[in-house]
Amino acid sequence: MAPAVDVLLCETMSSADEAAVAASAAAATGKPVWISWTLQDASDGEPRLRSGESLQAAWDRVKDIPCLQAILINCSSPGTVGAAVPCLRRLAPAGVRVGGYANGFRQTTGEWLEGRGKADINDAGDYDEVGDLLPGAYAAHAASWVRAGAGIVGGCCGVGPAHIESVSALLQREGGALEYNSCSAERRVPPP
């Protein structure tokens, strides 16, 4: 499998230790490593991993891992990803890209995990009647992440081809040259 692998993604990491262990094992292969944490969906305050740890604490556990090329946020609401991207940008040194790929439904991951109903946490009138985020609204979120310093954007649960097509079209209109891979639309932007 190694010759066909471009990058090893440690995805939906919910704690600093989990990410450190997974990324260390991935780095042992010599392949590029990306880490994507999932965050508590909160409308205010410092972005925190589902374990309650800060992004700073999570970064401190992985910053010396060899082959680390990207730190990301996934499986969280679009607003939560938006709040986290500037934090990631501040933490990441030159050469480590940042980004995110959010969920596309109204119910937050935390609510789903707890079996609760829908909340107003990410209700900006951008959802259809069944609670799915409209492609144009998702694209607006992703474009705001790019403006905040994200160089990698994509989609997680509830985000499909129409959403990614809308992201691509909006970023192209905003002047970004996109590169595509099988997982996400990437915009190469130098760190601010």
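Here the Cβ of each residue, glycine as well, is placed from N, Cα and C on the backbone.
The shown structure was predicted, so the numbers you read here are calculated from the model rather than taken from an experiment.
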Given TrEMBL annotates C156, C157 as Zn(2+)-binding, which of C67, C75 belongs to that site as well?
C75
Residues with Cβ closer than 8 Å to the Cβ of C156 (Zn(2+) binding site), same chain and 6+ apart in sequence?
N74, C75, S76, Y101, A102, N103, G104
Sort out for me which one of C75, C157 has the most neighbouring CB atoms within 10 A, since those are the binding-site residues we care about.
C75
Where does C157 (Zn(2+) binding site) sit in the DSSP three-state scheme?
coil
